[in-house]
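*Asks:* For reference, the structure I am asking about is given below.
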Amino acid sequence: MKIAVIPGDGIGPEVVGQAIVVLEAVAQKFGHRFEFQEALLGGAALDVKGVPLPDETMEICLKSDAVLLGAVGGPKWDNLPGHLRPEAGLLGIRKGLNLFANLRPAKVFPQLKSNSTLKEEALGEGIDILVVRELTGDIYFGEKGRAKIPGGEKAWDTAVYTTYEVERVAHLAFRIARGRRRKVTSVDKANVLESSRLWREVVSKVGEQYNDVELNLMYVDNAAMQLIKNPHQFDVILTTNMFGDILSDEAAMLTGSLGMLPSASLGEGRLGLYEPVHGSAPDIAGQDKANPIATILSAAMMLRYSFYLEEEAQAVENAVSKVLDQGYRTSDIATPGAKIVGTKEMGSLIAQNM
Ligand code: ATP
Ligand code: MG
């Protein structure tokens, strides 16, 4: 199994380093062999190659089974023109890999309930939601433009979805729900948008092939409200590019722990891109302070979605939970009476608890 490793900038190398420590422990315990190949992206690539996304980085990724990425960007490169910014490298790689779905779990570990922004009643035993956001269609890529009109200008963006685009992300969401609590909530604005009406029709049709999965249809304004009011009702949220952008950030903030949030972006084959939700955190880079758990949980998603190693993925997630049970915390998730540890110690503890 070939893994392209892109440490990137800021805390990226520190957190990716600990995810590798944990993957090595998985390899040992379960008798797998992971081949890691490092590649440059973002500021790290700019410093060495003069571009944020060197060709060889793209080649390494396309030859791999999965890509593990830290984070890119930082103040050092902030004044470069747009196409030379580290973030341009990140957008380029996401595009080059033909990813069509972004998966963002929002999970409140019971040990970290006090960090959540939710009230105790709304939180209950903790929440465990997976937002599946479509990435290739919608208002991001439809026709857009500007024109002069009397008294000023007009500007427009067009939301477009095809049957095929909705079908492929819907199948993915239903298959994923089968490995979870078997509930899909499809979120759209079908009372107003034609693209949402097609979305709703296609998702409902695909849903007929998954009789064992419950399907609910919800308007996005209601979904935004329900996430705060009654987050327990959600298992998998399946939604469009635009609504997914907003709802995945909303769901993430319910957990209150940026350093705990992983993500996966999937394409048609097994090749996927796995990265923490947080950025390069230049304010704490190089100080052994960063929480590596978001990246370690991203590696668990890699085991699950690119390598189909469910037992191994769960072993990583259980090890994280055990270390939290033992009272260890990085400073960003510190709770009263916790044992504060650095990036490296947190990674080693999780690896030892495998
Ligand atoms: P970007 O534009 O790359 O998303 P950002 O500045 O919006 O960057 P982050 O880099 O994620 O956001 O940082 C936001 C805050 O959260 C910072 O104060 C940072 O130190 C903190 N932070 C982010 N990730 C972690 C982590 N893994 N562990 C501890 N603190 C973190
Ligand atoms: Mg940011």
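Even glycines carry a Cβ here, placed using N, Cα and C.
TrEMBL feature annotations, pasted as is:
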| type | residues | note |
| --- | --- | --- |
| DOMAIN | 2-350 | domain 'Isopropylmalate dehydrogenase-like' |
| BINDING | 74-87, 279-291 | NAD(+) binding site |
| BINDING | Arg94, Arg104, Arg133, Asp221 | substrate binding site |
| SITE | Tyr140 | site 'Important for catalysis' |
| SITE | Lys189 | site 'Important for catalysis' |
| BINDING | Asp221, Asp245, Asp249 | Mg(2+) binding site |
*Asks:* For Asp249 (Mg(2+) binding site), identify the closest of the binding-site residues Gly74, Asp78, Arg133, Lys289, judging by Cα separation.
*Replies:* Arg133
*Asks:* Taking the Cα atoms as reference points, how far is Ala285 (NAD(+) binding site) from Arg94 (substrate binding site) in Å?
*Replies:* 24
*Asks:* Can you go through the recorded positions Arg94, Tyr140, Asp249, Ala281, Ala285 and pick out those with a C-beta less than 6 angstroms from ligand 1?
*Replies:* Ala281
*Asks:* So how far apart do the substrate binders Arg94, Arg104, Arg133, Asp221 get, largest Cα to Cα in Å?
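*Replies:* Farthest Cα pair among residues binding substrate: 28 Å.
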*Asks:* Tell me, what is the mean pLDDT of the domain 'Isopropylmalate dehydrogenase-like' (2-350)?
*Replies:* 95
*Asks:* What is the nearest of the recorded positions Arg104, Arg133, Lys189, Asp221, Asp245 to Asp78 (NAD(+) binding site), using the Cα of each?
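*Replies:* The smallest Cα gap between Asp78 (NAD(+) binding site) and any of the recorded positions is with Asp245.
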*Asks:* If H, G and I count as helix, E and B as strand, and all else as coil, what does DSSP give for Lys289 (NAD(+) binding site)?
*Replies:* coil
